[in-house]
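Asks: Pasting the relevant annotations from TrEMBL:
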- 3-328: domain 'FAD/NAD(P)-binding' (DOMAIN)
- Cys41-Cys46: disulfide bond (DISULFID)
- Lys50, Gly114, Thr143, Gly144, Ser145, Asp313, Met319, Leu320, Ala321, His322: FAD binding site (BINDING)
- Gly180, Gly181, Gly182, Val183, Ile184, Gly185, Met186, Glu187, Glu203, Gly272: NAD(+) binding site (BINDING)
- 347-455: domain 'Pyridine nucleotide-disulphide oxidoreductase dimerisation' (DOMAIN)
- His445: active site, proton acceptor (ACT_SITE)
Amino acid sequence: MQYDVTVIGSGPGGYVAAIRCAQLGLKTALVEKYTSLGGTCLNVGCIPSKALLDSSEHFFNASHTFQEHGIELKDLQVNLGQMIGRKREVVKQTVAGIDYLMKKNKIDVKTGMGSFVDKNTIKVTGSEGKEETFQTKNTIIATGSKPMALPFIPQDKERIITSTEALELKEVPKHLIVIGGGVIGMELGSVYGRLGAKVTVVEFLDRIIPGMDAALGKELQRVLKKQLGFDLKLSTKVTGVERKGDEVVVRAENKKGEQLEITGDYCLVSVGRSPYTQGLGLEKAGVKVDERGRVAVDDHLRTNVAGIYAIGDVVKGAMLAHKAEEEGIFVAETIAGQKPHINYNLIPGVVYTWPEVAAVGYTEEQLKEMGREFKSGSFPFKASGRARASMDTDGFVKVLADKQTDEILGVHMIGPRTADMIAEAVVAMEFRASAEDVSRMSHAHPTFTEALKEACLAATENRALHI
Ligand code: FAD
Ligand code: NAI
C-alpha cells in the first residue's frame, strides 16, 4: 500500500483528520478538488461569513450606537468592495495556514477530484484531466455538503443566490428576501440588514432558528425586528420564485391560506445543505448511503466497507465545523488502534448574530418530550453591569438542571459574546457539574460570564443575587 490513510476532502473534518493521522505516524494523503484547502468552512462558510459579520457590525455600531457613547462621526459610508476585499484576504491567510500545516505534518496533498476505483484504490483527476491512481489501506470520506436546491426555486446565482454568492455581492441589496430562517438566513440577513438592506425572512415553521430552544428564537425574533427591522413571515411556505429583470418575486402561502407576493432585488435561498458525494464513485467501493443521501456510518463512523470511514457534513448529525473536526480526530485515532469518544450531546451550537446565540445540551422542549424532571434558572443581561456598560442589554442566559440531582442538562444563551461564553457551559457539563457547582465558582466582575453564574444561582434555589 502506498498510503495508510487517504482523506478525501480538505474541510475542517478532512484536514484535521489528516493532521491527526500524521501525528500518529500514519502515511497520509489528502485529496482536494480545489486548489484552495479548507473546504466550505474556510472558503465560503464560517470564516468569510464571520469576517463580513464583524465588518457590518462595526458599520452598524458606528451609525447607530457611537453617538450615544459620545463619538460623533459624519458622512459614514459603506465601501462594500473594500469590505469583501478584506474578507478575501482573511480567507487567503487562513487557507495559507492550512497549506503550512500540511507541509509541516508531511501530508501529501493531491489536487483533483478524488474517486474510488475499488475499496483500496483511489483515482485523482486533475483539472486538465491528468489522472493519478494509488493504493490506500484506509480512506476517510470528508466531502462535506452543498447548498440545498428546491425544484420550485430556480437559482440563477446572480439575484436568486445561495450563501456562496451572498459572500461576494457587488452591491448592498435594497430588499433582500431570505428563504429559510435558520442559521445562514439570520447571519447573512444580519450582514446586509446592518449595511442598510430591508430584510424579509420567509420561514416555513412558526419560529426562526427552529433547532434551538424556543426561548432563544423568540428573543432573537424580537431583537432583529427592533434592531434591524427584519420582516419575519413565519409559518409561511414559499411556492415559487421568479426573476424579473433586476427584481425577484417570491410567492408564498401562510398558514391561513393567504397568498403573498414579495418583491425584492435579491433572494437568498438558505433552506439547509445536502451531503456531497457526487463523482466520488461510492458504488465502485460498495459504500452505502442512507435515505437522505448521506454516507451511512455506524457509531464508530465506519461505513459498511471495512477500512472506509466518513465524517463531517457528509454523514448524519449537526453540520458544524467543530463536529467535523471531532469526528476527524475520532477516526484517525480509531485507525491507529485507540478508543476515542465523542459526546454528541455536548457539541455546542452558535449563531453569530448580535446578540450572539449559543447553546449546549438538551433544550426545554427535548426534556419535556423525554419526560425528564428539570428546573430552570434565567438571568437577563439587562441586570448585568458589564452589559449596561457596553449597551448590550438584550438577551439572557437560561440553565436547565435535573430536578433531583441538580446536574446541568442544558445551557441556552442569547446575548453579548455568548459564542465564547458557551465554552464554560461545555466544560461544566463534560465534568457533570451541578448548577450549584458553577454558582459557587468565582466569576470576574464585571464580565458577561457572571450571567451564567447568576442563572445557575437562579436554578439552584432561586438564589440569583442581582434580579
Ligand atoms: P467541507 O468543509 O464542506 O469540505 C469538504 C471538502 O471536500 C470541500 O473542500 C470539497 O471541495 C471537497 N470535496 C468534495 N468532494 C470531493 C472529491 N470527490 N474529491 C476531492 N475533494 C472533494 N459551521 C460552524 O461550526 N461554525 C460556523 O460559524 C459556520 N458558518 C458557516 C457559514 C456558512 C455560510 C456555511 C455555508 C456553513 C457554515 N458552517 C459553520 C458549517 C461548516 O462550514 C461545515 O459544517 C463544515 O465546513 C463541514 O466540514 P466538512 O469537512 O465536513 O466539509
Ligand atoms: P438550517 O437548517 O439552519 O435552516 C433552514 C431553515 O429553512 C429552517 O428553519 C427550515 O425550516 C427552513 N425551510 C426549509 N424549507 C423551507 C421552505 N421551502 N420555505 C421556507 N423555509 C424553509 O439551514 P441553513 O441556514 O441553510 O444552514 C445550513 C447548515 O449550515 C446548518 O445546518 C448549519 O449548521 C450550518 N451553518 C452553521 C453556522 C454556525 O454554526 N454559526 C452558520 C451557517 C451555517
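Just so you know, glycine gets a Cβ as well, placed from its N, Cα and C.
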Asks: Would you mind pulling the DSSP three-state label for Ser145 (FAD binding site)?
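Replies: DSSP call for Ser145 (FAD binding site): strand.
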Asks: Over all shown protein chains, what is the count of other CB atoms within 10 A of the CB belonging to Ile184 (NAD(+) binding site)?
Replies: 23
Asks: In whole Å, how far does the CA atom of Met319 (FAD binding site) lie from that of His445 (active site, proton acceptor)?
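Replies: Here the two Cα atoms lie 35 Å apart.
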Asks: When you tally the Cβ atoms that lie within 10 Å of each candidate's Cβ, which of the recorded positions (Cys41, Met319) has the highest tally?
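Replies: Sorting the candidates by Cβ neighbours within 10 Å, the top entry is Cys41.
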Asks: Please list, for the domain 'Pyridine nucleotide-disulphide oxidoreductase dimerisation' (347-455), how many residues fall into helix, strand and coil according to DSSP.
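Replies: Helix, strand and coil residues of the domain 'Pyridine nucleotide-disulphide oxidoreductase dimerisation' (347-455) number 39 helix, 33 strand, 37 coil.
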Asks: When the Cβ positions of the recorded positions Cys41, Ala321, His445 are compared with the atoms of ligand 2, which fall under 6 Å?
Replies: none
Asks: Give me the sequence-ordered set of same-chain residues, not including Gly180, Gly181, Gly182, Val183, Ile184, Gly185, Met186, Glu187, Glu203, Gly272, with a C-beta within 8 angstroms of the centroid of the NAD(+) site's C-beta atoms.
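Replies: So the additional residues around the site are Val178, Gly189, Val201, Ile208, Ile209, Ser270, Val271.
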Asks: Quick one: of the recorded positions Thr143, Gly182, His445, flag those whose CB is under 6 Å from ligand 1, and say none if nothing qualifies.
Replies: Thr143
Asks: Considering only the recorded positions Cys41, Cys46, Gly180, Gly182, Met186, His445, which fall within 10 Å of Ala321 (FAD binding site) when distances are taken between Cα atoms?
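Replies: Cα within 10 Å of Ala321 (FAD binding site): Cys41, Cys46.
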Asks: Restricting to the same chain and to sequence separations of six or more, state which residues have a Cβ under 8 Å from that of Met186 (NAD(+) binding site).
Replies: Val201, Ile208, Ile209, Leu220, Leu224, Val351, Thr353
Asks: Please report the number of other Cβ atoms within 10 Å of the Cβ of Thr143 (FAD binding site).
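Replies: Looking across every protein chain shown, the total is 30.
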Asks: Between His445 (active site, proton acceptor) and Thr143 (FAD binding site), how far is it from one CA atom to the other, in Å?
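Replies: Here the two Cα atoms are 45 Å apart.
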Asks: Which number gives the other C-beta atoms within 10 angstroms of the C-beta of Gly180 (NAD(+) binding site), all protein chains shown included?
Replies: 23
Asks: Ranking the recorded positions Ser145, His445 by other Cβ atoms within 10 Å, which is at the bottom?
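Replies: Each of the recorded positions Ser145, His445 was scored; lowest Cβ tally within 10 Å is His445.
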Asks: Would you count the other CB atoms within 10 A of the CB of Glu203 (NAD(+) binding site), including those on all shown protein chains?
Replies: 25
Asks: Please find which two of Gly180, Gly181, Gly182, Val183, Ile184, Gly185, Met186, Glu187, Glu203, Gly272 have the most distant C-alpha atoms, given that the record lists them as binding NAD(+), and give only that distance in angstrom, rounded to a whole number.
Replies: 15
